[in-house]
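Q: Input: one structure, supplied below.
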Amino acid sequence: MSRGPSSAVLPSALGSRKLGPRSLSCLSDLDGGVALEPRACRPPGSPGRAPPPTPAPSGCDPRLRPIILRRARSLPSSPERRQKAAGAPGAACRPGCSQKLRVRFADALGLELAQVKVFNAGDDPSVPLHVLSRLAINSDLCCSSQDLEFTLHCLVPDFPPPVEAADFGERLQRQLVCLERVTCSDLGISGTVRVCNVAFEKQVAVRYTFSGWRSTHEAVARWRGPAGPEGTEDVFTFGFPVPPFLLELGSRVHFAVRYQVAGAEYWDNNDHRDYSLTCRNHALHMPRGECEESWIHFI
């Protein structure tokens with residue numbers, strides 16, 4: 001008669017044996033004959049001895065081969081890979097190490113070895129007039145023993161200084177903005193504007209053109225300080241550059257002044273005629289002795 005798993009009878013020896021707490025001394029006895037080599041502790045990432053080499057596989061195991069093959073040294077590296085290697089944190093050579101320099105030609109990277117530019121000998125170079133005038137000054141200064149006389153192209157205002165007019169105060173009260181004076185130099189055109197102090201927040205700008213108002217530009221003026229009795233007026237300064245091609249005889253610059261305050265806009269355009277400057281010849285005379293001791297060579 002067969003018995004199921006629940007009816008299995010254990011030996012009496014196992015049933016009468018009591019299990020006590022397991023002692024770990026037996027494990028220590030097993031390792032007692034093996035002397036462990038002490039290991040030195042060091043923080044991770046610190047320099048030290050290299051790890052021991054991996055033991056070679058046994059004769060039964062097949063020899064392992066790397067999946068990724070190393071690139072041949074004769075192959076040129078791509079520009080992207082070379083840039084990444086140059087920008088890597090560890091790419092810089094440390095002191096005392098030797099770094100070999102390699103030369104690569106443009107054709108190895110798919111580029112052209114030469115760049116050809118064709119010039120037509122019949123085309124005359126376009127030299128600005130102000131450059132030619134300065135070259136003529138230097139040649140006259142070196143080859144002549146007489147006094148130096150030359151002409152320069154410069155912008156000259158077509159109007160007298162408004163601040164010197166007798167009705168300047170009346171115009172200022174009527175327009176709330178009025179141009180004081182304007183000056184020209186190699187750096188461009190600059191000037192001052194006076195406005196009535198209507199409110200604290202205000203803005204002054206100069207709108208100018210080199211093409212007869214076909215295209216316009218604006219230069220924002222900066223506050224310089226108060227003026228007038230008890231600070232009822234303010235003075236602003238402005239400036240804008242002049243391109244070299246404009247320094248030709250007859251070329252003109254037109255501009256007007258705009259004043260924005262308290263949500264309103266006011267203009268000073270020289271009584272609807274605009275302020276203008278014209279490029280004209282300006283004659284200069286300088287004795288020979290003063291030329292040799294001056295900075296005329298650097299004009």
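Cβ coordinates come from backbone N, Cα and C, glycine included.
Annotation source Swiss-Prot lists region 'Disordered' at 1-22, 37-94. Look at Swiss-Prot and you will find Ser23, Ser25, Ser28, Ser74, Ser133 tagged as phosphoserine. Per Swiss-Prot, the feature compositional bias 'Pro residues' maps to 44-56. Taken from Swiss-Prot, the feature compositional bias 'Low complexity' covers 57-67, 85-94. What Swiss-Prot records for 101-104 is motif 'PP1-binding motif'. Taken from Swiss-Prot, the feature domain 'CBM21' applies to 169-278, supported by sequence analysis.
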Q: Give me the DSSP three-state residue breakdown of the domain 'CBM21' (169-278), ordered helix, strand, coil.
A: 13 helix, 63 strand, 34 coil
Q: Count the residues of the motif 'PP1-binding motif' (101-104) that DSSP assigns to helix (H, G, I), to strand (E, B) and to coil, and report the three numbers in that order.
A: 0 helix, 0 strand, 4 coil
Q: Check the domain 'CBM21' (169-278) for me and report the mean pLDDT.
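A: The average pLDDT of the model in the domain 'CBM21' (169-278) works out to 93.
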